[in-house]
Amino acid sequence: MSNESKCPFSGHNSKPQVTVGGGTANLHWWPNQLRVDLLNQHSERSNPLGKDFNYRQEFKKLDYYALKADIKNVLTDSQDWWPADWGNYTGLFIRLAWHAAGTYRMGDGRGGAGRGQQRFAPLNSWPDNASLDKARRLLWPVKQKYGQKISWADLFILAGNIALESSGFRTFGFGAGREDVWEPDNDVNWGDEKEWLAHRNSEALAGSNLAATEMGLIYVNPEGPQASGDPRSAAPFIRATFGNMAMDDEEIVALIAGGHTLGKTHGAAPADHVQADPEGAPIEQMGFGWANSYGTGVGKDAITSGLEVIWSQTPTQWSNYFFENLFKYEWVQERSPAGAIQWVAADAEAIIPDPFDPSIKRKPTMLTTDLTLRFDPEFEKISRRFLNDPQAFANAFARAWFKLTHRDMGPKARYLGPEVPTEDLIWQDPLPAASATPSSASIADAKAKIVALGLPAGELVSLAWASASTFRGGDKRGGANGARIALSPQREWEVNKKAVETLTKIEELKASTQLSLADLIVLAGNVGVEQAAQAAGFNITVPFAPGRVDALQSQTDVESFQLLLGLADGFRNWKKQGVNTPAEVLLIDKAQQLTLTAPELTALIGGLRVLGTNWDGSQHGVFTQQVGVLSTDFFTNLLDMSNVWAPVDSTSEVFEGKDRKSGTVKFTATRNDLVFGSNSILRALAEVYAQADGKEKFVQDFVAAWTKVMNLDRFDLA
């Protein structure tokens, strides 16, 4: 054997010699490792636009109607590399927008169209998103022309709207404001399945945050549960998946029928002709996936879902043909050319136009889940009403489509553009219009009155935290603006019991000040932080931005807001009974929803503990003899090797810290507390504040993180 053949760097070995980030990863050895890394997603280091880029300002420079005209032109500019059905990409762009938005789930607010995630794995390569790589590439010349004035996230949804409008449909409106990110959202739990299209039961779906019946689908299997071809058994799965998106029966019927009024599915041949998805495709395919070896691989030979269905006689024009055909004909099960289960109108004439040969006509076809709208009793009632009242159907679809594509955007204050509807919708969590901004004198007066109450700093801080910490970065819901802690359901939450006692005292001040209750609550928290910092020897002023308003109960959907409670708030050492997920995992989840970094999480926990803000007044994690002082005692005592820790029972939820020599119990703690000494990353951060020179930095960092949380929902400050 030659020396060259033996050399590991000669280039002749089949295995790569160097792989950055390769090799056996930490998660292989420790699969339950805490995902602190999720708090460092979407940092400035991954953003090519820099920290000073302001999408809202950039969008205002956009010639909006010129953009719309250019997108409309794309619809009928058929490309040889992906020929348009009937010379029109309407159906493709509707599907693009639908599938961009359809990953949203109201349970945790994650998913949805708001960040342009369909550009990245796994969504760019989900089986249900086959061929949408072509739709995104069709839009590239438009994106290239308008640059950063329009985000990909907004472009996906706007393209769907324009496709509907080009068909003669009148949409409810459009709000821009979705800002792109530059890497996948790794915090989203898409499910535990390890195979594409692995099935989930409807009971599991109803109790989860998952938005699809199978791994890699947007909603449900169009062939019925586990490709059973049974329309009736599909109903509970449809309700569960759409219900997890906050859609009711009428919205479900409208969305399915409206989405299937235009376009077609593609299943010219069996799936064994289809090659790798975009993430797994060879480099020379340049981000395209699902190469098709059947015939030309495109146009009449295209394979996407494997189904070959056209619902309407006018597949590029809005109509009521979906319902007319659904109820007019008797449907017989058949197999598509790809072998998928679908249905054909056995007693119909050939009235459906072929997408590429005008001399050919087909019989109407439907999906198994389309027939569910006829054979499920409740869906059938709604469907017949829409059959007999096309305008009611059009109106219901317009509103449901708007909700689908905007549900994850949060309050209407975030919407941009000339087509934002004026009507306030309950799912937007509407707020009253703001009045005049309070003067500096009125703020100072209110601050003095809060101080005069003589309440402990921890109580003031606890109230403000309870109000602000409902915010979810995924769908921009919750937060302190609106003072909804004073309304149902938040006022009745167990975790808010002590905070509401303080709230009652703050409410009594409102009439004598010029501030809203929402502003008073945050100002009270700031007062508490300032008092605690002063007690630690630091005179600081916590930044305060007035202008919050107070929501009405009529503006608050109780059922929807109940979801903001979540499973735990580790910042207050609260965890819902019966939840078996480790507390520290839920703490990371909460911190990620609050858009906190790992250092911000660490500073906040350390400060909240020494201020005594546990939801029930317990001493867990209160590692100090001077409660109410913004000290670094939490960190110094946590890392003190004279203490030894042990669980108090077999649940390992609560722990005692004893003096290593005497055995005297000094402290108690939860997993939320000890993780800052146990986890190597969080311990490294805790050490920064436990050091002799960490006191002032801790106060500064706590105040900065505190102010961030108080202002998370202040979109008017952007």
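Backbone N, Cα and C define each Cβ position, glycine as well.
Because the structure is a prediction, the values reported are computed rather than measured.
Residues or ranges marked as site 'Transition state stabilizer' in Swiss-Prot: ARG95. DSSP assigns ARG95 (site 'Transition state stabilizer') to a helix in the three-state reduction. Within 10 Å of the C-beta atom of ARG95 (site 'Transition state stabilizer') sit 25 other C-beta atoms, taking all shown protein chains into account.
Around HIS99 (active site, proton acceptor), a 10 Å sphere centred on its CB holds 22 further CB atoms from the protein chains shown. What Swiss-Prot records for HIS99 is active site, proton acceptor, and it gives sequence analysis as the kind of evidence.
Within 10 Å of the C-beta atom of HIS260 (heme b binding site) sit 25 other C-beta atoms, taking all shown protein chains into account. Secondary structure from DSSP puts HIS260 (heme b binding site) in coil. Taken from Swiss-Prot, the feature heme b binding site applies to HIS260.
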Q) Roughly how many angstrom lie between the C-alpha atoms of HIS260 (heme b binding site) and ARG95 (site 'Transition state stabilizer')? A) 10
